[in-house]
Structure formats: structure tokens, C-alpha cells
Amino acid sequence: MATLGVNIDHIATIRQARRTVEPDPVAAAVLAELGGADGITVHLREDRRHIQDRDVQLLRQTVRTHLNLEMAATDEMVGIALDIKPDYVTLVPEKREEVTTEGGLDIVGQIARIGEVVSKLQNAAIPVSLFIDAEPAQIEASVKVQAKFIELHTGRYAEATDETSRQQELAFLATGCEQAIKAGLRVNAGHGLTYWNVYPVAALPGMEELNIGHTIISRAALVGIERAVREMKQAIRGE
């Protein structure tokens, strides 16, 4: 069964809304791990809208499971990753005007650049995951650049408004997952997953880890982080 990476970006979003010192994402990560999180995920954006450099530095020192650093494939971010050495990096697309990551990374269209970044990071013993749509060409390109992982973008599945569309998107993810595993990639997934839609994705053969943030932090506002994480672990198990 898939494991759970808890994205704590939105703890930082609340903090940055008032430009203050609380709530602290580092404390949130501790509570998430106490609740059963298998990993902690943060996205250090170029505009620093939520997670800050200080957060990543402290999380590297305090996280006891594993730290997944989401970032754009820029020279600045590569330098930060090489300095901090997270347990792995997930390369994601990034636009300043977006509210959240809107789609998968286009590996096909920038294969030389992505290949260069993957090589730099993995030569420093930092495994790389690529956040992509479950399209055959993108999966093939991920193999070519020698990434260790892909993270399948589950946004269209999560946003499906009827059961027929949802099943079509789930089948698309299942096919992509199978293709990737056959090609030697390890497979994670994330984006838009909630307590109510997570199980079918978690149950896909070979699915390793689900990176989930907003729905957990939303639930945590009502019941606390530890309980919110425990409930998501139950949802992943289909309980």
C-alpha cells in the first residue's frame, strides 16, 4: 500500500499571511510525523510565497522520516538543493501567477535542461522525481533523463465532476503507472487528492507514495495535525 508524504506548505501560507513567526512549519512536520506521516514535502518557490529558506534548512535537521523538496529546475534552486541535500527532490513546473501547481512538467519540451539538472542532483546522491502528467511521451522522456522517480499529476482525476470522468482519469493514471514501472521508474502521485478520493489511487499496483497537503491542513484546522494525518493514513488503506 502507498505511503504518505505530508505537504506542509499551507502551514507556511497561514504564517506568511501575517508575515509573522507562527504557525511554524517545522513544528507542524514534527506533529505530522507523530501522526504517522512517512515523509514531509515542501515546495520552495522562487517567489517564497509560503515556505522560506529557513524552513528548509531547519526541516533538513529535524525531519526523521524523509524530506522531499519540490522546486523548479532553476540554477538557484539546484544550488540550494545541493547545499541542503534533501532525501529527494521533485522537479515541478512553476508560474508566478498560479495559485498552485497547475499541471505536469514538460520533460519532452526541455529534455536537455531537465537532464542536466537531474544529473547534477543525482551525482550528488540526491534522487530526483519528476512531477508529470501520465502521458506516454512524458514518461518515456523521464526515462531518458534517468530520473529515479516520477510523481503522477492527479489533478484531473481529483477535479472530475462525474463518476465516468473520474474512472477514465483513474484508468489513465493506472496505465501511466504501469508503463513507468515497466520502464524502471518508481512512481509517486499527488495533487488535489482528498480523504474521499485517495483510495483508488493508493491502490494502484506499484504506487509508492502519495504527496498530499491542502486537504490534510484543512482538516487539521479543525481536529489537529496528528489526527488529520492518522485519518489520511486510514483513507489510504481504504478504512
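Using N, Cα and C of the backbone, Cβ positions are placed for all residues, glycine too.
Positions annotated as 3-amino-2-oxopropyl phosphate binding site by Swiss-Prot, on the basis of sequence analysis: N7, R18, G192, G213, H214. The feature 1-deoxy-D-xylulose 5-phosphate binding site is assigned by Swiss-Prot to D9, H10, R45, H50, T100, with sequence analysis given as support. The feature active site, proton acceptor is assigned by Swiss-Prot to H43, E70, with sequence analysis given as support. Sequence annotations record features per position, and here Swiss-Prot assigns site 'Transition state stabilizer' to E151. Per Swiss-Prot, the feature active site, proton donor maps to H191.
Features as recorded by Swiss-Prot, highlighted on the structure.
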residue	record	Cβ within 10 Å
N7	3-amino-2-oxopropyl phosphate binding site	25
D9	1-deoxy-D-xylulose 5-phosphate binding site	21
H10	1-deoxy-D-xylulose 5-phosphate binding site	22
R45	1-deoxy-D-xylulose 5-phosphate binding site	20
H50	1-deoxy-D-xylulose 5-phosphate binding site	21
E70	active site, proton acceptor	25
E151	site 'Transition state stabilizer'	29
H191	active site, proton donor	26
G213	3-amino-2-oxopropyl phosphate binding site	22
H214	3-amino-2-oxopropyl phosphate binding site	16
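Compared over the recorded positions R18, H43, the count of CB atoms lying within 10 A of a residue's CB peaks at H43.
Every protein chain shown contributes to the tally, and the Cβ of G192 (3-amino-2-oxopropyl phosphate binding site) ends up with 18 other Cβ atoms within 10 Å. Cα of R18 (3-amino-2-oxopropyl phosphate binding site) to Cα of D9 (1-deoxy-D-xylulose 5-phosphate binding site): a span of 15 Å.
For N7 (3-amino-2-oxopropyl phosphate binding site), the nearest of the recorded positions H43, R45, H50, E151, H191 in terms of C-alpha separation is H43. Within the set N7, R18, G192, G213, H214 that the record links to 3-amino-2-oxopropyl phosphate, no two Cα atoms are more than 26 Å apart, and one pair reaches that distance. Classification of D9 (1-deoxy-D-xylulose 5-phosphate binding site) by DSSP places it within a helix. H214 (3-amino-2-oxopropyl phosphate binding site) sits 17 Å from E151 (site 'Transition state stabilizer'), taking the C-alpha atoms as the reference points.
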